[in-house]
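Engineer: I grabbed these lines from Swiss-Prot:
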type	residues	note
BINDING	LEU119, GLY123, HIS124, LEU125, SER351, PRO352, PHE353	(6S)-5,6,7,8-tetrahydrofolate binding site
MOD_RES	LYS228	N6-(pyridoxal phosphate)lysine
SITE	HIS227	site 'Plays an important role in substrate specificity'
Amino acid sequence: MNFENIQREDKEIYDLIEKELVRQQKGIELIASENIVSPAVMEAMGSYLTNKYAEGYPNKRYYGGCHVVDEIEQIAIDRAKELFGAEHANVQPHSGSQANMAVYFAVLEPGDTVLGMDLSHGGHLTHGSPVNFSGKLFNFVSYGVDKETEMIDYENVRKLAIENKPKLIVAGASAYARILDFPKFREIADEVGALLMVDMAHIAGLVAAGVHPSPVPYSDFVTTTTHKTLRGPRGGLILCKEKYAQILNKNIFPGIQGGPLEHIIAAKAVCFKEALDPSFKTYGENVVENCKELAEQLIARGFKIVSGGTDNHVFLVDLNNKDITGKEAEALLDSVGITVNKNTVPNETRSPFVTSGIRIGTAAITTRGFVKDDMAEIAAVISEAIENRDGDLSALKTRIETLCDKHPLYN
């Protein structure tokens with residue numbers, strides 16, 4: 001990207017943009033919700049489309065001059081439907097949280113009962129956390145993982161559904177490493193007369209690549225972000241049955257949003273086209289292969305992985321046996337060039353600002369070209385940093401920079 005105009009007009013911001021580029025180039029990104037967009041996606045985000053206001057939907061706008069963005073938004077809609085095999089797609093949500101909000105507002109009334117995954121067990125804020133709008137407006141009942149297997153206990157989900165008669169069941173997670181059983185969720189929803197919404201924000205790219213089962217055939221609504229494993233711009237997407245299209249669209253606009261971000265919608269269209277390419281399947285396969293290998297390499301070095309491994313792009317490391325908190329590990333690894341995030345683990349005893357674990361994902365490093373053979377070195381540096389946390393870690397930082405130089409970024 002050419003930032004000569006920013007460099008000329010605002011040197012202070014330009015310098016910080018360049019500083020962030022160096023941070024990304026010299027470090028290993030293991031935050032599971034992050035990825036690296038293509039130059040094409042980035043160019044769409046910075047295009048002339050940012051100048052256009054376009055309240056409404058294609059061919060039904062409240063402003064004039066929308067004939068070009070109408071075409072772009074329709075292309076994005078059509079590509080999303082093709083990519084996921086959906087009957088209807090809304091590409092306007094500014095975020096995954098707003099996608100979830102729109103579905104809730106479309107089918108629920110304040111106080112209605114909803115069944116969702118507990119945040120501390122791997123769910124998301126918008127799945128009923130009391131500090132989030134979802135937990136404040138609706139009566140969320142939480143399910144979690146089994147204490148022994150650390151996997152979702154579907155019989156317990158069924159029991160809670162029968163006891164509480166939710167109007168909506170929410171499946172999906174932000175920190176769950178196993179394949180989600182969508183047919184089982186559908187079966188439970190049907191048994192109690194509930195609607196089913198799947199939040200696939202973390203696994204959308206894996207679903208698109210065919211390496212994770214699709215929730216679309218089993219769900220009334222599917223929400224996602226476009227910037228995690230899908231490798232697109234920051235934004236949201238909703239897929240649903242055609243019979244819900246009108247009420248869903250009304251709850252995005254004018255329900256919770258005004259004008260859509262047409263430059264971001266264009267970038268979504270580009271990312272959907274990239275995900276429709278056969279090479280994206282290889283990418284998805286490599287993400288999972290790298291993740292499984294990194295988990296195994298850490299297990300071999302004495303780390304406890306929640307549920308014993310992973311089936312997707314993410315896993316949690318329970319650090320209780322390493323005598324270090326998630327907060328401390330996050331800062332420590334950052335100092336040697338590895339970026340992770342602190343994360344609660346099942347049956348957490350510490351504050352969410354401290355935590356007993358870290359979350360690790362391989363979507364970004366796989367985009368960058370890291371392969372299975374690189375995982376042993378990453379695991380070794382993580383292990384050595386934590387085991388020798390009070391020593392000189394400069395050699396570890398050099399090892400990470402050497403590894404990053406093998407896989408250049410935005411050169």
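Even glycines carry a Cβ here, placed using N, Cα and C.
Since the structure is predicted, the reported quantities are computational estimates derived from the model, not experimental observations.
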Engineer: Judged by the number of other CB atoms within 10 angstroms, which among GLY123, PRO352 is the least packed of the binding-site residues?
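Structural biologist: Least crowded of the binding-site residues GLY123, PRO352, by Cβ count within 10 Å, is PRO352.
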Engineer: Highest CB neighbour count within 10 A among the binding-site residues LEU119, LEU125?
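Structural biologist: The most densely surrounded of these binding-site residues is LEU119.
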Engineer: HIS124 ((6S)-5,6,7,8-tetrahydrofolate binding site) has how many other Cβ neighbours within 10 Å of its own Cβ?
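Structural biologist: Around HIS124 ((6S)-5,6,7,8-tetrahydrofolate binding site), other Cβ atoms within 10 Å: 23.
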Engineer: If you compare CA-to-CA distances from HIS227 (site 'Plays an important role in substrate specificity') to each of the binding-site residues GLY123, SER351, PHE353, which comes out shortest?
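Structural biologist: Looking at Cα distances from HIS227 (site 'Plays an important role in substrate specificity'), the smallest one goes to GLY123.
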Engineer: Compute the C-alpha separation of LEU125 ((6S)-5,6,7,8-tetrahydrofolate binding site) from LYS228 (N6-(pyridoxal phosphate)lysine), stating it in Å without decimals.
Structural biologist: 17
Engineer: Under 8 Å between C-beta atoms and at least six apart in sequence, can you list the same-chain neighbours of the residue listed as 'N6-(pyridoxal phosphate)lysine', or say none if there are none?
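Structural biologist: ALA32, SER33, GLU34, ASN35, ALA201, HIS202, ALA204, GLY205, ALA363 - these are the non-local Cβ neighbours of the residue listed as 'N6-(pyridoxal phosphate)lysine', listed in sequence order.
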Engineer: Inside 10 Å of the Cβ of PHE353 ((6S)-5,6,7,8-tetrahydrofolate binding site), count up the other Cβ atoms and send me the figure.
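Structural biologist: There are 9 of them.
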Engineer: Might you list, by sequence position, any residue in that chain lying six or more from SER351 ((6S)-5,6,7,8-tetrahydrofolate binding site) with a Cβ less than 8 Å away from its Cβ?
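Structural biologist: For SER351 ((6S)-5,6,7,8-tetrahydrofolate binding site), no residue qualifies.
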